[in-house]
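As recorded in TrEMBL:
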type: REGION; residues: 49-276; note: region 'Disordered'
type: COMPBIAS; residues: 70-94; note: compositional bias 'Polar residues'
type: COMPBIAS; residues: 146-163; note: compositional bias 'Polar residues'
type: COMPBIAS; residues: 186-212; note: compositional bias 'Polar residues'
type: COMPBIAS; residues: 221-239; note: compositional bias 'Polar residues'
type: DOMAIN; residues: 406-541; note: domain 'YDG'
type: REGION; residues: 545-575; note: region 'Disordered'
type: COMPBIAS; residues: 552-566; note: compositional bias 'Basic and acidic residues'
Amino acid sequence: MGNEVSSPSDEQRAEHRNATIARMDARAAEAAAAEKSRLTALIKARDARLAKQAAADEANPRKVVLSSKGDATTLQQQTRDVSMTSDESSTQIPAANDVEDGETGDDILRAFQPRKEPINRATSSRGPQSALPAHVEEPDPKHLQPSGQPQNDETIAQINSIIKPTMPPPIDTNGRSAVPAKESSIPGNLTSMSAKRPMSNASATEQNSTLKTPKRAVLASPQSPDGSGPNSGPVSTKTAKPGLSSAARTTIEERPPAWYNKLKPGSRRNPNDANASTLLGRLRSDIKKCRGATDAQMEQLFATIRDELHILAFTKVFGQMLRENRMLHNEDGLPQIFDEAFSNGLRFPWDVKADAEELYNKWCLQDFETDLLRGIKLGKPGLKHSGKTVDSIDREYKGRAFAKFHGNGLLINGQWWPTQLTTVRDGAHGLPIAGISGTAGEGAYSCIMSAGHGYEDEDHGEWVLYCGTDSKDGTVTDYTQRMLESVENGKPVRFIRSHELKSPFAPEIGFRYDGLYKVVSFERLDNASSTRQRHRFRLERLADQASIRGEGPSKRPTKQEIEVHKNDKRMRGFT
């Protein structure tokens, strides 16, 4: 009984374990510090050697020698290819070109700072004796020569791939990273079918929901305020290739487009396409009949053409079919309706012109999809009765447009979408949830007017009062700041109305683009000491635009759009 030894308590075991880990961390820190000092010495020696060689090259004419591979190299290049000394054999050293002007050794060696957090011994495969930090890989054995010295070019490339990613990005004068963050397709955002006023933290939302895709082009349009064309972003010089792509959506360089001109008529027709081809032929015939019709006949033909355009928006067509029916030809195709240069003196109703141009642009871009949710990946519904679903724009969808521009672009007054995410897909708006989209220094590009959140918004049609976003810390939010910049620079914003808006001008369902509005002034609804910092802006619709399409035969959404929306099971639960 007297020989029994009491087992250590849990506290003693924990204390012993912590002491052991502390000793291991201390040894790792000492090893990292020693490695840093050694690398610093090696880099200084290398720089001195290269500087000496460069001075010698300047003093003497460059001699060209023949390398072992048979190609001509200079003495300076040959010097860089000399194997490292035995002191450098086991160390990976960054190439000289990795050191920019003005950088110091400490900038490069930040990767070798000892870890501040405890090392997870359970998951670490290196053990306490490793001299390199956990995020720096060991040299690949296949890059070592039999003598143990690393091969020069391959080793330097390996070093660059290890050390450069660990270097912090340069910082600009405002304290932000000077290297732009990589942008990707819109991830699975928690989106709503209705426009919600954004949260105050705008910067992260815009960066995460913006995809770097080409801008839509300036394209002459009778929907533009000045009648000559929109004042949007730059025009791509890339030639459109067959098949819908981001590059193809940037611009319409030719009328008809190049892909259409390459098609030859007279191909064998598919009986399955008879209905669509018949509808196209009927539309062309009705347009032609307008030339010699009386006023009464003209009104009837205009109504018929209007319905045919609305039906064609949901009719499956393809390029060869359009070519067979000459739909994109200037003289006897859709341009007869909206382009006065080819109208033969006919003046079609403004809404018919808008619908014909919208369909023409879509077909010119080889976008023949009729699905309202094309390019959208639908997620599972969220909380019951929440009205939200985890939807996103498909990364593989090539028709994604870009919203970072001022003006109409290829958008048409009255254009309609079923959800806010589809407005982002087509470049009308930039964010899947927030109501204001813009860029710092450029102001707002677009805004969506909806209901809720207790904002004192007022919709008077040709002018509106629109509130920015509320602050939580007493500073003006980024979204509100974009609107303030629009007041200052005078650039108009694209104005979209949501069906949730309690206004006679709101669409019956979905979202409708109602043209360009100028942000002319603002008022503070809170005093300077308020935490909320609510601002309300006055927006006025630019003159010489087509009317808001809220009622009558020109109403958008059309009866066909409403019917398709209601019959689509994917839309159920969202009104």
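Including glycine, each Cβ sits where the backbone N, Cα and C put it.
If one looks beyond the region 'Disordered' (545-575) by at least 6 residues along the same chain, the residues whose Cβ comes under 8 Å of a Cβ in the stretch are 193-194, 223, 225, 303, 306, 310-311, 313-314, 349-351, 354, 372-373, 378, 381, 387, 413-416, 418-419, 461, 499, 504-510, 512, 514-516. Using DSSP to sort the residues of the region 'Disordered' (545-575) gives these counts of helix, strand and coil: 12 helix, 0 strand, 19 coil. When DSSP labels each residue, the domain 'YDG' (406-541) comes out as 18 helix, 47 strand, 71 coil, counted as helix, strand and coil in that order.
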